[in-house]
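TrEMBL has this to say about the protein:
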- 19-126: domain 'PH' (DOMAIN)
- 28-55, LYS434, LYS436, SER491, ARG518: substrate binding site (BINDING)
- 136-171: domain 'EF-hand' (DOMAIN)
- SER187: O-linked glycosylation site (CARBOHYD)
- HIS306: active site (ACT_SITE)
- ASN307, GLU336, ASP338, GLU385: Ca(2+) 3 binding site (BINDING)
- HIS351: active site (ACT_SITE)
- 462-578: domain 'PI-PLC Y-box' (DOMAIN)
- 581-729: domain 'C2' (DOMAIN)
- ILE620, ASP622, ASN646: Ca(2+) 4 binding site (BINDING)
- ASP698, TYR699, ASP700: Ca(2+) 5 binding site (BINDING)
Amino acid sequence: MALCSSVFTGMEGDMDLQFLLQGGDLLKVRSSSWKKTRYFKLQEDCNTMWHESKKTFKTNQTFSLADISAVRMGRQSEGLRKYTGEQVEGRCFSIIFKARRKNLDLIASSEEEAKQWVNSLQKMLSIINNLTAQQKTEHWIVSCLRKADKNEDDKLSQSEVKNFLRLINIEVDDVYAEMLFKKCDKSKSGYLAGEEIRHFYDLLTHREEIVVIFGEYAKTTGYMSPENLVEFLMKEQREKATLADAHQIIEKCEPDENAKQKKLLSKDGFLMYMHSPDALVLNSDHREVYQDMSHPINHYFISSSHNTYLMEDQLQGPSSTEAYIRALLKGCRCVELDCWDGSDDEPVIYHGYTLTSTILFKDAIQAIKEYAFKTSDYPVILSLENHCSVEQQEVMSHHMRSILGSALVTSPLGDSMPTEFPSPEELKGKFLIKGKRLNKLEASFAAEAEAQKKKLKMAKGLSDMVIYCKSVHFNGFEDARKNLSFYEMSSFKEGKALELAEESANAYIRHNVDKLSRIYPAGIRTDSSNYNPVPLWNAGCQIVALNFQTSCSDMDVNQGRFLVNGKSGYILKPAYMRDRGSEFDPITLTRGDWLKHKTLHVMVISAQQLPKVNEKKSSIVDPLVKVQVYGVPDDVAEKETNPIDNNGTFPFNHYILCTGSAYTVYLCLMCFNPTWNENFQFDVYVPDLALVRFAVEDYDTTSDNEFVGQFTLPFNSLKMGYRHVPLLNKNGDVVPSAGLFIHIMVLDAE
């Protein structure tokens, strides 16, 4: 096994790969005065981009292809629009990174070369993003092997092996490191090469717990027959399975052609199946749109962002169109625009009366148009905080009409006056404007005032765009029921909303059957921190706006809520929250259709390839797993495993007893796959509103635990049986190769 991932085997002659491996000069742009030539190329591991200064040949930062979020052609970034002219439009492109890393803005020597860079990088990203779990593991390990191979000779010395183990978060004492090295050094050459590295890799990726489960059902000379596989699927995974399903799995997952022809599943094929989407904890059917999307939009929870334009804090952080792009790509369906008068008669967006930077309103609208429907086809609400003069309001109106065109809803759908909201299905690909609107008398005066050039408070053109989301002050539930039309909605500061959700939950739920409610963070959250959205969802509030730029457990829960239904950004509320006569109260929980008492059994078995919390630190993670349930107050709970010192320090030559499902199995305690085998039980009374969060933390005896990764999903989207749980980092991106292995059982409570 050379130090290059087999993922790219067979691509040796691929023109795009060869172009990247050869590399070339690009002009790197940071400002109007800082534009410097850098030589970029893909390293031999087919994973790491490297660049150097042409003058000094000093190696600069490298980055992994896995760190790239997108590659965009043209002057799409704020930096390129600001620091370059239209004449280089076709030569420009930007590399957009995940997390908080700044964009890389580049200019090629020709339009053809720019297209070649963009197409080649996008092709590599597509390959990496579509890898199977096993391929991702191999790709990650090979990348770490390349880093450990300091002299780049495709061989590993004993010290390089020790360094490699630290890179993949394994603590090994010198005695064991030497033993492991000698076991793999069959040639006794003092280094590992070729098949010796492959043997070393196989030792690291061995999954004893999977082998034990496989052995329970592999009753045909070390293979699973279709009948064995059906028995496993029905008995352990609680799935309705047929022989046809088993044949399909074997055809899809079995790597051995001889076994496949005999319709048998090997241990490697079973491992591949257990890492497939069908064996994840998330119900694969829920990854697509599976809910009825024909109800009025106020019958859905809607993924929503607060002060969407901000990248950081609320006082002096930068504003950016990139913030809108990131929120929309995460499935956000309601974005906020704080609009103020700008220079040259161009309105701007920023957090008023602070030191936050500004962006042009028209640039924000352009970015929203381009990225609104890449993740979801369903409608986007533009929530306007309008502080502009009438003159610049007219400019806002012009930009939205000219940029959004026919996608902008400027009149009610249908031929007659509506009495309820249209559905997400009817509004596919459309933009709705939320904001203030002139009443009939004001509109009449505005028309007359425009003709007579009198002073106005609001531009009629902008007012006329507000069709289904007219902002009004909240004067109580009774006033809203009697005096407000369905399209008139109120915004609530989190404190007031939580007070209503706790003291008048049922009234709030009934209010939200007919109206839309928007919740936003308190003004004291100048650090862009968030609040827990769950109590507001429990009260039927649809637009619970969070600071998408801030990584925290509240944001994890928000993304978990909207993880399903095709990441459409719309989740249908339960029937009892869409009923005007609903008696549901999440606080008191009287008997009703909502009460479906379930018992959740979770067995945390093991983890795989946990990342280091801080790459610069030499310490190894001491992992523990928290299982948390969010929902109505009676359902909220948290339990955690014991921590494992140093990620399970070698040697791993002792076994522990573990009871899982109907079988007692012995699972090996491995350092690469730390093992817990701990069982937890939870009572869940309102499963429709519950979410489950799996969090891995680095245990610390002297300070707060550090976050390693998490995954949150709705309770009703859990799959039973032996399941893998992917892990997301702080920014919501998948951590390559890392995950948990668990066993889930959901039973009706007696």
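One is the number of the first residue shown, and numbering goes on along the chain from there.
Placement of Cβ uses the backbone N, Cα and C atoms for every residue, glycine included.
Ranked by how many other Cβ atoms sit within 10 Å of their Cβ, the binding-site residues LYS28, LYS36, LYS434 place LYS36 at the bottom.
For ASP700 (Ca(2+) 5 binding site), none of the recorded positions have C-alpha atoms inside a 10 Å radius of its own C-alpha, out of LYS28, GLU44, SER187, HIS306, ASP338, ILE620. A distance of 24 Å separates the Cα atom of THR48 (substrate binding site) from that of ILE620 (Ca(2+) 4 binding site). Taking only the Cα positions, the spacing between HIS306 (active site) and ILE620 (Ca(2+) 4 binding site) is 37 angstrom. With DSSP states grouped into helix (H, G, I), strand (E, B) and coil, the domain 'PI-PLC Y-box' (462-578) comes out at 49 helix, 20 strand, 48 coil. Computed over the domain 'PH' (19-126), the whole-number mean pLDDT of the model equals 88.
The binding-site residues listed here (SER32, GLU52, LYS434) include no residue with a Cα within 10 A of the Cα of ASP698 (Ca(2+) 5 binding site). By the criterion of other Cβ atoms within 10 Å of the residue's own Cβ, the least surrounded of the binding-site residues GLU52, GLU336, ASP338, ASP622, ASP698 is GLU52. Taking the centroid of the Cβ atoms of ASN307, GLU336, ASP338, GLU385 as the Ca(2+) 3 site, the other same-chain residues with Cβ within 8 Å of it are HIS306, THR308, TYR309, LEU337, ILE349, HIS351, SER383.
Cα of GLU336 (Ca(2+) 3 binding site) to Cα of PHE40 (substrate binding site): a distance of 38 Å. Over all protein chains present, the Cβ of ILE620 (Ca(2+) 4 binding site) has 22 other Cβ atoms lying within 10 Å. Cβ-based neighbour count (10 Å, all protein chains) for GLU44 (substrate binding site) stands at 14.
Cα of ASP622 (Ca(2+) 4 binding site) to Cα of SER32 (substrate binding site): a span of 47 Å. A simple way to gauge crowding: the CB of SER32 (substrate binding site) has 10 other CB atoms within 10 angstroms, across all the protein chains here. Of the recorded residues, GLU52 (substrate binding site) and ILE620 (Ca(2+) 4 binding site) place their C-alpha atoms 32 Å from one another. For the Ca(2+) 5 site, the Cβ centre of ASP698, TYR699, ASP700 serves as reference, and the other residues of the chain with Cβ at most 8 Å from it are VAL621, ASP622, PRO623, LEU624, PRO643, GLU697, THR701, ASN705, GLU706. Residue counts of the domain 'EF-hand' (136-171) by helix, strand and coil are 23 helix, 2 strand, 11 coil (DSSP-based). Cβ neighbour density within 10 Å is lowest for SER187 among the recorded positions THR48, SER187, ASN307, ASN646.
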